[in-house]
Amino acid sequence: MYGRDPWGGPLEINTTDSATDDDRSRNLNDFDRAALSRPLDETQQSWLLGPGEEKKKKYVDLGCISVSRKIFVWTVGLILAAGFIAGIIALIVKLVPRHHEHPPPADNYTLALQKALMFFNAQKSGRLTKHNNVSWRGNSCLNDGKSDKSGAVLKDLVGGYYDAGDTIKFHFPKAFAMTMLSWSVIEYSAKYEAAGELNHVKEIIKWGTDYFLKTFNSTADTISQVVAQVGKGDTSGGTSDPNDHTCWMRPEDIDYPRPVTECSSCSDLAAEMAAALASASIVFKDNKVYSKKLVHGAATLWKFARDQRGMYSAAGADAATFYNSSMYWDEFVWGGAWMYYATGNQSYLYLASHPKLAKHAGAFWGGPDYGVLSWDNKLTGAQVLLTRLRLFLSPGYPYEETLKTFHNQTSIIMCSYLPYFSSFNRTRGGLIQLNHGRPQPLQYVVNAAFLATLYSDYLDAADTPGWYCGPNFYSTNELRKFAQTQIDYILGKNPRKMSYVVGYGDRYPKHVHHRGASIPKNKVKYNCKGGYKWRDTKKPNPHTITGAMVAGPDKNDGFHDVRTNYNYTEPTIAGNAGLVAALVALSGDGSTKIDKNTIFSAVPPMFPTPPPPPAPWKP
């Protein structure tokens, strides 16, 4: 059977499979030559030629594996090319000038905060560090603690801070100042860090606490006395008795005796100093050795305060004249709260929240100065501090009853700060009169601004949008607004367009009541009376005491920039501590709030004691 060959020749189908190789080769010659001259497609070529011979691949032996030479070359080439391109990009980035993004400018509160802290550098006593950054200050009062004539060292009392425009070291307001600074660091350490001032403020606190540890036997468990004051301010003896008030001298030039006042019955002073050391121990909790030292000193002072009752101002004329204490019960509540936070020992909390102690401190009644935090009255601060405990830990029985009372009273105090209520008058310019028109109002205003901002942050952190004043509900923004208006007044938004913080703004007091700032540093030592010409001159101070908040205006928004009128122009460390606390609380863009947990770092988990069972029922 024959079929038609697609190439044009005959094809014998039945015989093709049985033909030998020689027959096939001979039969090729019989194919149509014209058909072979036509181009063949791939199928036809495969039929004709059969399977082709594969090209042998080349490999590169890499030891553990063998890789195709082609793949190896391409891989190496790509790596080299990528490295070359990366190098070019790095070179371009390095050579082309870059646009540096500057951080946003600091807000006004942060700028004022940085200046307010500098005031403490100007108030330092003793041997100063090289980085103190106040060019017109130097080492001073290096003999503090020595006896008047023999020169024997009774106590090493070198260091610490001068109180105000004089050179006395009053320990009662100084301890309050250190407590306030520590409190602000515990709550707002992130804001201090953002302002670049965290290390600075901690150094300021440590300068104060190091000194306090010198004022009593801080290594003992029991003491019988504590130093209350160094220096003297009694002017009843006239200029014949040279001291820190009758003389107008630079601290570096002091050559008159500086007596040391000790007390053996001073519960208010000792409890406040215990609060200062206890709060500072939380600030320095990462320095375990120093923190433990502070806690031990605080416990010693606390035991002394509780065992030997009395008021420190009852024994000394200076204390009674300049920083008279009204009671010690508020220091017991305040100090007890700080001792609890520093140690976690619930015996301190039991005392601080005891209803009888709260009653003695005046927690259940008002009065003209109720709600005013100051170096003398710590009750308001203690109530806010313990309200924090109720908001975030809720310890329950047996503390709940008093803590609830403190919480309610705190709410009432916050209401009294608002302009909708008449608890306190305001000047035409808007400054709240917490001291009812008496002189030196600003130290009380800054404390209230701090508490208001802090309490609003407490409520925000507790997811509480506000609080009630009677039937009316107010948001936390109202408290912040109050604080802002008061601090803005101090910084220059007032009828006189004057900043009451030296060095801040374009217009501020130039005749500050301050011995060191008013006498030039010209290598001339002016004696006790020789400095009077600098006190009485109408020229501005030769030195700017940066960051000092002066006493403030009168109840009519009036202010006299006169050096001899301390009721207008004298700054104090207690006042500046409140200013620093208020400024750091208000600083920043509002995104950073309080540190909820650090203050509780020593407090163990609380398991409230169940209340006692009810009395058996009787018909």
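Each residue, glycine too, has its Cβ placed from N, Cα and C.
Among the ranges 1-26, 235-260, the one that TrEMBL lists as region 'Disordered' is 1-26.
Most Cβ neighbours within 10 Å among the active-site residues Asp561, Glu570: this distinction goes to Glu570. Remark: His513 (active site) has Ala164, Gly165, Val550, Arg563, Thr564, Asn565, Tyr566, Thr569, Glu570, Pro571 as non-local neighbours, by Cβ distance under 8 Å and separation of at least 6 in sequence. Over the domain 'Glycoside hydrolase family 9' (109-583), the average per-residue pLDDT in this prediction is 95.
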